[in-house]
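Since the structure comes first, as structure tokens, the remarks are kept for the end.
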Amino acid sequence: MASPVGEDNWVDYVDHQLREATDLDARVRVIESFNDAVLAEPGSIKVWMAYCEYFWSLYNDCQPVSDAGWSPDEQELGRAMFTIDAALNLWQRGYEAVQYRLSDSNELWDRWISLEMELLRRTVTEAGVRRITQLFRNRLTVPHATWDRTSQMFSNFLSEYNRQAYESEMEQITRSAKNAKRLYALRDPFETKLSLAVKSGTTAAVRAEMLEYIDWEIKQHKGKRDALDNFKICLGLFSRALTGVLASDDTTWLNFITLVSTSQSDLKAGRARISANLVPNMLDVLRRAVHHIPWSGPVWARYILAAEEAVLTFADVERIKHAATNSPQLDRDGMTGVLDMYSAWCGYLKRTAMNPKASEEAVDVAEVGLSSALEDVKHWGQRKYGENYQGDPDYRLEKILIQFLTEKKEDIEGARAIWQELSQIPLHANSYDFWLNWYLWEMVVFTAHRAKLRSPTPNTQAQGLLVPSLATRVFTRALKVRTLDWPERILQVYLKHCNDYELAETLREAHDTIYKTRKGVEKRREREAWQAAEAAQQAAAAQEQAAPVDNSEDVPMTDASGSTSPGSKRKREPTPAEDDAANKRPRSETNGEDVKRDREHNTVFLWNLPADATQTKIKQFFREYGHINNIDLKKGNDDAVALVEFRHSDDARAALIRDGKPFGERIIQVTPAIDCTLFVTNYPPDADEEYLRNLFKHHGEIHSIRFPSLKENAKRRFCYLTFRERASAEAALKLDGKALGGRCKLVVKISDPAHKQHRQGAQEEDRELHVLNIPRSMKEDEVEGHFGKAGKVASVRIPYPGTAFVVMQTKEEAQEAIKLLDKAMFGQNPIKVELSMPRGMKKKTATTWGADGADAGSPGSAAPTSTEPTTSSGAFKDRKVVILGIPDTMNEARVGNLLKPAGEFVKLTLHTRHGGAIVEYRDAASAGKAGLVIDGLEVEAGGGSSQKLRVGTTEELFQSKGEKKVAGSDVSAKAEPEKQQRKKLTAAQLMPPPPTINRPQVLGRSKPKMGMGAPGLGVRANGTAQAGPAPGGGGGQKKSNADFRSLFLVGGNSGGGGEGGGKVEGKKAEENGSKE
């Protein structure tokens, strides 16, 4: 019978054995099955709980007072096997295996400690009290969800059994558990989201939250801080994932395998900050992995490689290979898994045979094994796909066999026959890479065997030179293939080869061949470019006909029921003469019909770029096709994809001609990015890039998410989400109208600025005037009569006393009203007349957010909007934390959620224009702790990048200019360094001070000295002037009324002449300032 897979199957399997166990031998077999289960699922809390509970029941059943029905002989044997020490040790083993499962390890711990305390109650001993005390100490230094409950249990235990040491023990545990509580606080948001997903009963939601949690935890493991604890917690999280919803997830298993492999490499290199006994055994991990995901070729390949590295016998490695081929699921995802596994197996055979110490038997086994592996894969592919199967695109197995025959067997003709056989397959014949590899092999063979052939003497004629004619023949065969993907590269290498090695006659023939072939290639490229341009034009025409309207302005947030969100701005009521359309426009919109930036129609995708591609190389690639506004380059392990934005749509269409052209060593694809970008709004205020990626990831691969800058309008809440496929964007439109969290109804549209609805109204037409300081008793008809001097008034509205909005009939009349009436008297008041500006254009440099999540700056909020409280400035300084380096795309809700793990705060004031925030806490201690957590915290900066927050001062915050966007690239420059933020010295400050002049007394009265020797100025040692203490003790700060009064009193007293008088006056000024 095959072994069970998964914790539930193991528990069911052992439970079935347990019910049939009626004698001691059967019970021992159950224990052996449990041992197998914990080896297969070492981090499963279900398996360990079942194992420990069963063993504990056997301990109780074999006692003389038990009524389980055991015979006396069985009880006697059982007492020798199932002892109390063995039972408690098993509980301890189980706890140590699952203790870093933060959410549910308490299940096993609570049961274990209850049994320990039950035994202590039966017989209270000092050793027993010490044992349980130590168990509690160890448990409380491990982060877990029920830490408070465990602490209360410890408190109750001390009160009952060790009251005299209560205070010292609790004080000690409070100090030693600080780190555990801090580590759990950092993970609490993820645990909360995961718990909510579990309660929802949606498997997809649980998977998404767990994957997000794992990605974050892996990043923590890479850091230097808390390396040991982070590694243990990371292993505990993988235990939860791989015994739960992700037990059959390829990516999670590969992440875990990579973590273990990297840790082992670090240990060998001496870079690890963890002990070797903590790292799981690689073979055990891979054995478990192939049971859970038997269709994964990369995992089978790693299993074979790990077995080779562990120096297992040939029979053991072959057993792994046979287990893979016997698995009916190996080709579940096509031939990829089969090829990955066979590549690893053939690589093992080749390395074994090519070892200088290899036996003849090993060489023979490799020769037979490599040939049979090729046949097996060929038959497997034909059985699955029929005659359409053309083999491995990378011909990995054939390369291994060619290397073996060339280097080990020296069978050159046999190896060449494999190349020739491959060249008959269109999959390889159409690839320039195949022909270049064949050519390089021929050159290696030629060079290696050149010395064995007869070398020419100095008098030998040119016709007698040794030339690599077989390598030359590779090129002539390649150029006969009409469908070759990159013939230009073959032509280039062909000519260079003939110049370097061939005779004159062959070189002349090569020139002829290259000339004729190049003409044909040029015609082919022109035909392909025309076809690509036609396809792009058809796509653009279809887009113009079917494009939906894109409301890419700031829209009011609506909840799921359709009502306006409480946090959104309440628009002012329109005047009677205005259109019904909303009268708010973006800051960038001008009065004229300016050309808008149209990213959606001016961008193209570049596929199959090399991994070392850069933005500079991409610009050079398109240098003849127009100006590039922006390049969004995303790099993978082996390749890269770029989204390139041109200035004009014509440039983007012309760039499609570059499709199929070489970029370095690769042929790239250029496709239009039309209809790939979505305009998304009305999502929750605290939604970040990860939230949106998880929301849309099931519809296709997301290339990028672009948030707007909040520097000019902190209330903006929309983004542009770009998919890599048009079909994915269309599929994601299904989310339009989806209710999120019961408050927001998501808006998802295809982004198209050309179809954006422009807002109209008096304000947009510059006909509305904003009038300030009108007499508070004035009525609307009086205001209308006053402005009638400049033209016809369409409407007047007085929202509150002293302020009016006047709409003129035309724009010219509005300008005339400003010219005539601005600063003119109206009644007894001088009034101010200006054009009315939309609220979105009013610069709001800071927004305030309360600890409860409410926007303190919203209309309905009672919280003050000032950044400094009215309490003592010294007390506030101790309670505040100034954060620098916040991206300008983060709103106050996202920043608030980011800071919650650092502790509860009273108020957060976000300064988007300066890239920072001021956070107020309840007391200085909370602020200090929060500062330690926040400093160095990584946040998303957009475009898949991240940046670190840092804690600074208020002066640094307001000197900072926040992020700077670099034109033409997707890189955001970070805030200016501290040295650059300092103000430069002026020319006056750099000049040396003038000499001191002692002026004579005027009319016998001594005046205060106001020159360089005055008390208000000081002189540094290097002669540069600097501010000295002011008479009132201000020291360069703003002078108060008391300071000015002191100056006035000093000026009215005479203190003698010369320098002595100046000193006396300075002393009096200080005394007067102190009295004030």
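Each residue, glycine too, has its Cβ placed from N, Cα and C.
It should be emphasised that the depicted structure is a prediction, and the values quoted were computed from it without experimental measurement.
Listed in TrEMBL for this protein:
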COMPBIAS  530-547  compositional bias 'Low complexity'
COMPBIAS  581-597  compositional bias 'Basic and acidic residues'
COMPBIAS  846-874  compositional bias 'Low complexity'
COMPBIAS  961-979  compositional bias 'Basic and acidic residues'
COMPBIAS  1052-1061  compositional bias 'Gly residues'
COMPBIAS  1062-1076  compositional bias 'Basic and acidic residues'
DOMAIN    602-675  domain 'RRM'
DOMAIN    676-753  domain 'RRM'
DOMAIN    767-838  domain 'RRM'
DOMAIN    879-956  domain 'RRM'
REGION    526-597  region 'Disordered'
REGION    843-874  region 'Disordered'
REGION    960-979  region 'Disordered'
REGION    1018-1076  region 'Disordered'
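For the domain 'RRM' (767-838), the model gives a mean pLDDT of 89. For the domain 'RRM' (676-753), the number of residues in each DSSP class (helix H, G, I; strand E, B; coil) is 22 helix, 24 strand, 32 coil. Counting residues of the domain 'RRM' (879-956) by DSSP class, helix then strand then coil, yields 29 helix, 27 strand, 22 coil. Sorting the domain 'RRM' (602-675) by DSSP state (H, G, I as helix; E, B as strand; all else coil) yields 17 helix, 32 strand, 25 coil. Counting residues of the domain 'RRM' (767-838) by DSSP class, helix then strand then coil, yields 19 helix, 27 strand, 26 coil.
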